[in-house]
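**Q** Feature table excerpt (Swiss-Prot):
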CARBOHYD  Asn5  N-linked glycosylation site
TRANSMEM  111-131  transmembrane segment
BINDING   Thr150, Trp151, Tyr152, Trp153, Asp162, Thr163, Tyr168  FAD binding site
BINDING   Met160, Cys161, Asp162, Thr310, Gly311, Ala312, Ser313, Ala314, Val315, Gln316, Arg333, Thr334  NADP(+) binding site
CARBOHYD  Asn286  N-linked glycosylation site
SITE      Arg452  site 'Transition state stabilizer'
CARBOHYD  Asn525  N-linked glycosylation site
CARBOHYD  Asn572  N-linked glycosylation site
Amino acid sequence: MYASNKTYPSSRALPCLVEKVEAQHVDGAIRVRITTLEQKDWRQAKAAAVEAKYEAEREIQLRAHGNVKDIEITRESAFEHFATDPWAQHVGVDIEAQRERLLAEPGSRKILIIGAGFGGLLFAVRLIQTGRFTAEDITMIDSAAGFGGTWYWNRYPGLMCDTESYIYMPLLEETGYMPRNKYASGNEIREHAERIAQTYGLATRAMFRTVVEKLDWNEAEKVWTVAGSMLGIANNGQRDNMMSFQMVSQFTIMASGSFASPRVPDYPNIFDYKGKLFHTARWDYNYTGGSVENPKMLGLADKTVAIIGTGASAVQIVPQLAKYSNKLIVFQRTPAAVDARNNCPTDPVWWETETQAEGTGWQKRRQENFNAFTCNEKPLPSVNKVDDGWTRMPSFSILIGGPQGLDPDYVDRMRAVDMNRQEKIRARAHNIVQSEGSADLLTPWYPGWCKRPCFHDDYLSAFNLPNVELVDIRHNGISHFTANGLVANDIEYELDVIILSTGYTVPVTRASPSSRANIAVSGRNGTTMEAKWANGLATLHGVMTRDLPNLFFAGTSQAGACVNLVYALDQNATHVAYILANAFDRRPSDSARVIIEPTPGSEEAWAMQVLQRAAGFRGIAGCTPGYLNGYGMDASSLSPEQQINAARLAAWGEGIASYVRYLEAWRAKGDLNGIELTFFAKF
């Protein structure tokens, strides 16, 4: 027999990397000759096999994804509770009295901020820090009953942030707060939002449980007319006893996040289900038992529990459900790519030494060090300060942009780097999960940037527990619901409770701020924000656009994007605060109103800059369906004009550092170049 002394690493679910096998009879025996590939050829063949597996997986999911619509939860009485606020009665604030007091303030609001999460808070704080504005100049509005945005709504068991707390939790330097762990719990993050509000006098400046529905520019008065509804507080914050309201504001800032409204897929016969049904973003501790502070879900001890979806939220929830449920069934379409998190308590000695040694501005420098690694800057800093799974994933720059993104071979280079990382992720699943079948199902076959990477130390091992079952629905999906459960793969599962971990109603394309917030925005001459986004977007720096004067917004379209969303929001806030403060300084008198908007030429020039860099995101094509790529939307089906309009909606393709440098250089000139200022004397 012919034998080779070479050994080759195994690769599950991949073809054997052998070039030729020959067999012949010699002297009554069978002699086999195996011709193996050389190392370079082996790597190429392996890469081709992985790419083929990626494409096959994508095709399976595109066929299975189908056309499942979403239920409009505010219009279906059976699902109204998905839109309610289960925490409204526990905030310790007289929300109705505070709303009435703020509404009774005479005259127009100077600055209205829509959203009281970290985005809204950062806009408010950076405005106050200019010295031109005070907290009394600011009114904040949010549909929640407290500060925190997505961290207000999400209180499910196991909730944590997968971005390091020292860079994610804003204004640590200003508030003097030390996070308890490297990765903070949702509870701690929400408390920090409240701390910021208290520190800057904003706690009494918010109209909670209030929804803005319309913004209309009054050209004669040079103000925004704001119309909406004040929601009920009783009955767990249901949308009862709504009262309409109207106010006017000189300036409006839209800081609504993208993760507020739960996504409820309209599965066939979902209305027939008689058991308990809720969404992870509206966790029902009354049913499960436990609380936010102590999530011992003893109410599930005799229950068969299903969770649909295995994204970032489910990765954190599944280990907790597995611990307390009699039976847990996890319905999975796309497996998460789960790396280690390695959380640890903050060492006070290290904290004191680190912050003192770094001095003023330490948090911003740490954030930017993190950005350099995740955007794959060249050259990289000599020290990786955060040094975690994110900073060891340069391929994620395909999704958020980076300075090398326009290199012709960049996507190919990142595919090679990412393939090694994903191979380790796949090996990790097989090393931890004992069942070969479950391990195969939990193995991700897609580039790492196609889904949000996850980091958790207990998720995969939860599938080793005898009370946990994994159901693969990527081929056929969920067929329909029944009175007692649901049907998948022609099997009916009887369930006491179904938990939807199906994400949020994020539009499938880079939607306008008005679409994300469900607000109708109409500017000068009836120009709508929706039309601006649909018909060839042009902005100045991604924060303002012509014919919507005195209106500012946060987002990624024509602005910088990064893993650490809070850093990007802070750059938006710092920039807008500078513009507003400098515009106010130029008023001919204190009583004069200022109207701010970009010139047509400046916003079109900025759009062209964005277009020139949009090719940096070309690696997103070919991903498995998900909200990051419009659930598999095929750009080739668009007309050339539609493709250009879509490219105008992209983020700044050179990465967040390039974007910030551009803004800082623009501010350093001090001339508000590209902005048209007019002044209006109000008598």
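Cβ from N, Cα, C; glycine included.
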**Q** Among the binding-site residues Met160, Val315, which residue has the largest number of other Cβ atoms within 10 Å of its own Cβ?
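**A** Result of the Cβ crowding comparison: Val315.
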**Q** Specify the count of other C-beta atoms within 10 Å of the C-beta of Thr163 (FAD binding site).
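**A** Here the count is 24.
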**Q** Which residues, given as numbers and ranges, are at least 6 beyond the ends of the transmembrane segment (111-131) yet have a Cβ under 8 Å from it?
**A** 137-142, 144, 146-152, 170-171, 174, 193, 196-197, 200-202, 205-206, 208, 212, 224, 226, 247, 249-257, 517, 519, 552, 554, 566, 569-570, 572-574, 576-578, 580-581
**Q** Pop the Cα-Cα gap between Asn525 (N-linked glycosylation site) and Arg333 (NADP(+) binding site) into the table, whole Å please.
**A** 46
**Q** Which number gives the other C-beta atoms within 10 angstroms of the C-beta of Arg333 (NADP(+) binding site), all protein chains shown included?
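**A** The Cβ of Arg333 (NADP(+) binding site) has 21 Cβ neighbours within 10 Å.
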**Q** Among all protein chains shown, how many Cβ atoms are found within 10 Å of the Cβ of Arg452 (site 'Transition state stabilizer'), not counting that one?
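**A** Result for Arg452 (site 'Transition state stabilizer'): 18 other Cβ atoms within 10 Å.
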**Q** Determine, using Cα-Cα distances only, which of these binding-site residues is closest to Asn572 (N-linked glycosylation site): Tyr152, Met160, Thr163, Val315.
**A** Thr163
**Q** Whole-number answer please: how many Å between the C-alpha atoms of Tyr152 (FAD binding site) and Met160 (NADP(+) binding site)?
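**A** Cα-Cα, rounded: 13 Å.
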**Q** Should any of the recorded positions Thr150, Trp151, Trp153, Thr163, Arg452, Asn525 have a Cα within 10 Å of the Cα of Gly311 (NADP(+) binding site), which are they?
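**A** Neighbours among recorded positions, in sequence order: Arg452.
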**Q** Here the recorded positions are Thr150, Asn286, Ser313, Asn525, Asn572; which one has the lowest number of other Cβ atoms no more than 10 Å from its Cβ?
**A** Asn525
**Q** Return the member of Asp162, Thr163, Tyr168, Asn286 nearest to Val315 (NADP(+) binding site) in space, with distance defined Cα to Cα and candidates limited to these recorded positions.
**A** Asp162
**Q** Please identify, among the recorded positions Met160, Asn286, Ser313, Arg452, Asn525, the one with the smallest Cα-Cα distance to Trp151 (FAD binding site).
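**A** Closest recorded candidate to Trp151 (FAD binding site) by Cα: Met160.
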**Q** Including all protein chains displayed, how many Cβ atoms other than that of Tyr152 (FAD binding site) lie within 10 Å of its Cβ?
**A** 25
**Q** Among residues Met160, Cys161, Asp162, Thr310, Gly311, Ala312, Ser313, Ala314, Val315, Gln316, Arg333, Thr334 annotated as binding NADP(+), what is the maximum Cα-Cα distance? Answer in Å.
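**A** Pairwise Cα check on Met160, Cys161, Asp162, Thr310, Gly311, Ala312, Ser313, Ala314, Val315, Gln316, Arg333, Thr334 gives a maximum of 23 Å.
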